[in-house]
Amino acid sequence: MGIREFPGGAPRGKSIAVGMRRSPDVSPRRLSDISPQLRQLKYLVVDEAIKEDLKWSRSVEDLTSGPVGLTSIEERILRITGYYGYQPWAASYKREERPRDSPGPAEAQAPAGAEAGGRTSHRCWRCSRAQLKKIFWGVAVVLCVCSSWAGSTQIAKLTFRKFDAPFTLTWFATNWNFLFFPLYYVGHVCKSSEKQSVKQRYRECCRFFGDNGLTLKVFFTKAAPFGVLWTLTNYLYLHAIKKINTTDVSVLFCCNKAFVFLLSWIVLRDRFMGVRIVAAILAIAGIVMMTYADGFHSHSVIGIALVVGSASMSALYKVLFKLLLGSAKFGEAALFLSILGVFNVLFITCIPIILYFTKVEYWSSFDDIPWGNLCGFSVLLLTFNIVLNFGIAVTYPTLMSVGIVLSVPVNAVVDHYTSKIVFNGVRVIAIIIIGLGFLLLLLPEEWDVWLIKLLTRLKVRKKEETAEGAADQGSGPQSKNRRARPSFAR
């Protein structure tokens, strides 16, 4: 095994092995040249001060730090004997400075580093693939929310031309909520590794209502009020479609986000956020401007009041659910929505019958009912609620809310070609203001902290780039001269 000869071999500082130093003019080139000194290693007596220096030196720490440190035979001998000017406490002696002359250790570490780099890049690629997959699902969910919400609104508008019964349509569509839990159980059987029977899954989801499960008292105290709010929300929304165009209805319903914040701040004592107060003010200003856009006619004012009432019922539903029941898992939410469908069948069915016989919502015969429109509206509304409640499993919740906002321009395009809507300046400004307020409400609670951190990082990065550029310009010629020097020059 050969030992590399270092120029300027006269060691400086204290000597570790007394009487074992040779003249720098006669530097050994083989291990056999220093074999007498190696036999005397067991008789070495090292000074305590030197021990302390070695103890706190970076080289000794590197020596004990594993395979990355100084582990070769040559370096250990040089450290003990003090030959070639090698000093353990000097940080100038680094493995990276001699990759060509000592191929053994460097080449031994190269595959490990390459393997680690490969694993790191593979991990980064895997993370990027996961993020891309979540974003892809997010785009799909946004399109599904937008199309289902806008489609259900347009189909409801078409249905009322032949079937003027908004409450009956609400009752018919709410009955489809019964399918929530069966659809969830099908997904559970397909995806879950531990498959449970329907009875076992039902009992486990019933724990959401308390230790006793779903009792008659719980049904009337915790499920029935939400069934009433659900029916009022949909009925007021559909009744408003009869009065005003679908664009105004969809954009005004976006104000429910502002109402949720205000009720949560008052009832749930949620954190106060100035930006959300601004968003709520924008929503209220948009409602006023939307009312002014048609000149405060009674027909439009009633329609706008119905939509605002629908948004208020929706906000009250969400806040009360969080107050009384808290947060629900997917199975619990599916069971709860199915229970609302059961409540609708048992206790709301009498109302459409009463409206029919009192001729408030009357149709001549069952053959005249557009069953295709009714079923299409029900399927789209069911799809919208399924994606809105379970889409969080595959993407971000904010993206799902964006889909509701995107339904506004879709309805505007459809109304432009199918109705006599006039997009004057006041209506366009009102739509923009309400949409802006809705987007402000989607900001997370720590958005200001994140913004400050982002600006700070950008400033620090800009300063570092400026400093690196100045250093490169100032030390460019010197670094070139240093590279041009031979390795044995002082």
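Residue numbers in this text run from 1 along the chain shown.
Note: Cβ is positioned from N, Cα and C throughout, glycine not excepted.
Just so it is clear, the model here is predicted, and its values are computed rather than measured.
According to TrEMBL, the compositional bias 'Basic and acidic residues' annotation covers 22-31.
Residues annotated as compositional bias 'Basic residues' in TrEMBL: 480-490.
Per TrEMBL, the feature domain 'EamA' maps to 137-291.
If you look up TrEMBL, you'll see 135-156 (among others) marked as transmembrane segment.
Marked as transmembrane segment by TrEMBL: 168-187 (among others). Residues 156, 159, 198, 201-202, 205, 230-231, 234-235, 238, 330-331, 333-335, 337-338, 340-342, 344-345, 348-349, 351-352, 355-356, 361, 374, 377-379, 381-382, 385-386, 390 of the same chain lie 6 or more positions beyond the ends of the transmembrane segment (168-187) yet place their CB under 8 Å from a CB of it.
Look at TrEMBL and you will find 208-230 (among others) tagged as transmembrane segment.
Residues or ranges marked as transmembrane segment by TrEMBL: 250-268 (among others).
Sequence-distant contacts of the transmembrane segment (275-293) (same chain, six or more residues past either end, CB-CB distance under 8 Å): 248, 251-252, 254-255, 257-258, 261-262, 300-301, 304, 308, 424, 426-427, 429-431, 433-434, 436-438, 440-441, 443, 447. Annotated transmembrane segment per TrEMBL: 275-293 (among others), in sequence order.
Marked as transmembrane segment by TrEMBL: 299-321 (among others).
Here the transmembrane segment (333-357) has long-range neighbours at 165, 167-168, 171, 174-184, 202, 205-206, 208, 214, 219, 223-224, 226-227, 230-231, 325, 363, 385, 389-390, meaning same-chain residues at least 6 beyond its ends whose C-beta is under 8 angstroms from one of its own. Look at TrEMBL and you will find 333-357 (among others) tagged as transmembrane segment.
If you look up TrEMBL, you'll see 394-414 (among others) marked as transmembrane segment.
Per TrEMBL, transmembrane segment is recorded for 426-443 (among others). Tertiary proximity for the transmembrane segment (426-443) is limited to same-chain residues at least six positions away from its ends with a CB under 8 Å from its CB atoms, namely 247-248, 251-252, 254-255, 257-258, 261, 275-276, 278-283, 285-287, 289-290, 292-293, 398, 401-402, 404-405, 408, 412.
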Tertiary contacts of the transmembrane segment (135-156) (same chain, 6+ residues out, Cβ under 8 Å): 169, 238, 241, 246, 249-250, 373, 376-377, 380-381, 383-384, 387-388, 391, 394-396, 399-400, 402-404, 406-407, 410-411, 414
Model confidence over the domain 'EamA' (137-291) (mean pLDDT, whole number): 90
CB contact flag for the transmembrane segment (394-414) and the transmembrane segment (208-230), at least three pairs under 8 A: no
Residues of the parent chain within Cβ reach of the transmembrane segment (299-321), under 8 Å, 6 or more residues beyond its termini: 225-226, 229-230, 232-234, 236-237, 239-240, 242-244, 248-249, 252-256, 259-260, 262-264, 267-268, 287, 290-291
Residues of the parent chain within Cβ reach of the transmembrane segment (250-268), under 8 Å, 6 or more residues beyond its termini: 149-150, 153, 237, 276, 279-280, 282-284, 286-287, 290, 304, 307-308, 310-312, 314-316, 318-319, 322-323, 401, 404-405, 407-408, 411, 430-431, 434-435, 437-438, 441-442
